[in-house]
Amino acid sequence: MKQYLELMQKVLDEGTQKNDRTGTGTLSIFGHQMRFNLQEGFPLVTTKRCHLRSIIHELLWFLQGDTNIAYLHENNVTIWDEWADENGDLGPVYGKQWRAWPTPDGRHIDQIATVLSQLKNDPDSRRIIVSAWNVGELDKMALAPCHAFFQFYVADGKLSCQLYQRSCDVFLGLPFNIASYALLVHMMAQQCDLDVGDFVWTGGDTHLYSNHMEQTHLQLSREPRALPKLVIKRKPDSLFDYRFDDFEIEGYDPHPGIKAPVAI
């Protein structure tokens, strides 16, 4: 994950001081891309421990189309707590848009099921895309989508994915985002009888919060370790039937975790 550390250093060296919605303040750059060959290991940051349980459960939650944090709480995941209302609802965030995008005539489009069908039946299509950026519902969402748009690509029997992330918290959020989409590529590839290819991450406003600087310098002082390996222990009948216990990460030997405040 040397690329990730290089991005951190680039933001420190080249970033512009900006104000932001949370009032915290950031160092920010605009436009950055990283490419991870998923054949070479699972891209889970090793210069600090990442909470893999949260990453897996959040993705399973998205894929169920869920937008209430009850499932996350049942599994001791608290990463969405700050944005939920008193009933645990978040409004029409990722899961709703992925699985039930509303149309003007009252129908709902399951973008994930559509993408799966495209990958199986028309893998050369240039329209294998999922968007969470529903302009008509942004004002109903507790938090507008940060990882907003992703596209799949099949070549030589390998499945690749590119994500556009319009806003990126480099220290806290980005390690989660990279691992989450890498996991999704592995799941999609298994369901479509493909090998994994690349995960390409493209960032828009890519920033370090002003209260993450000490933690960033600590992380940059650490040497990356070998990437772990993802093992999927069974192939469910459907993408929507995976369970937490289906996934195992082998050889994950990270440096200790580094705590940092979340900007709300």
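Backbone N, Cα and C define each Cβ position, glycine as well.
Annotation source Swiss-Prot lists active site, nucleophile at Cys146, citing sequence analysis. Mapped onto three states, the DSSP output places Cys146 (active site, nucleophile) in coil.
Residues or ranges marked as dUMP binding site in Swiss-Prot (evidence: sequence analysis): Arg21, Arg126, Arg127, Arg166, Ser167, Cys168, Asp169, Asn177, His207, Leu208, Tyr209. Long-range Cβ proximity for His207 (dUMP binding site), meaning a same-chain Cβ under 8 A and a gap of 6 or more residues, is found for Val11, Gly15, Lys18, Asp20, Thr26, Leu27, Ser28, Ile29, Ser167, Cys168, Asp169, Val170. DSSP classifies His207 (dUMP binding site) as strand under the three-state reduction.
In the three-state DSSP scheme, His51 ((6R)-5,10-methylene-5,6,7,8-tetrahydrofolate binding site) falls into the coil class. Sequence annotations record features per position, and here Swiss-Prot assigns (6R)-5,10-methylene-5,6,7,8-tetrahydrofolate binding site to His51, Asp169, Ala263 based on sequence analysis.
Residues near Arg127 (dUMP binding site) in space but far in sequence (CB under 8 A, at least 6 apart, same chain), listed by position: Gln118. When the recorded positions Arg21, Cys146, Tyr209 are screened for a C-alpha within 10 angstroms of the C-alpha of Ala263 ((6R)-5,10-methylene-5,6,7,8-tetrahydrofolate binding site), the residues that qualify, in sequence order, are Arg21, Tyr209. Same-chain residues at least 6 positions away in sequence with a Cβ under 8 Å from that of Tyr209 (dUMP binding site) are, in sequence order, Thr22, Thr24, Gly25, Thr26, Asp169, Phe171, Ala260, Ala263.
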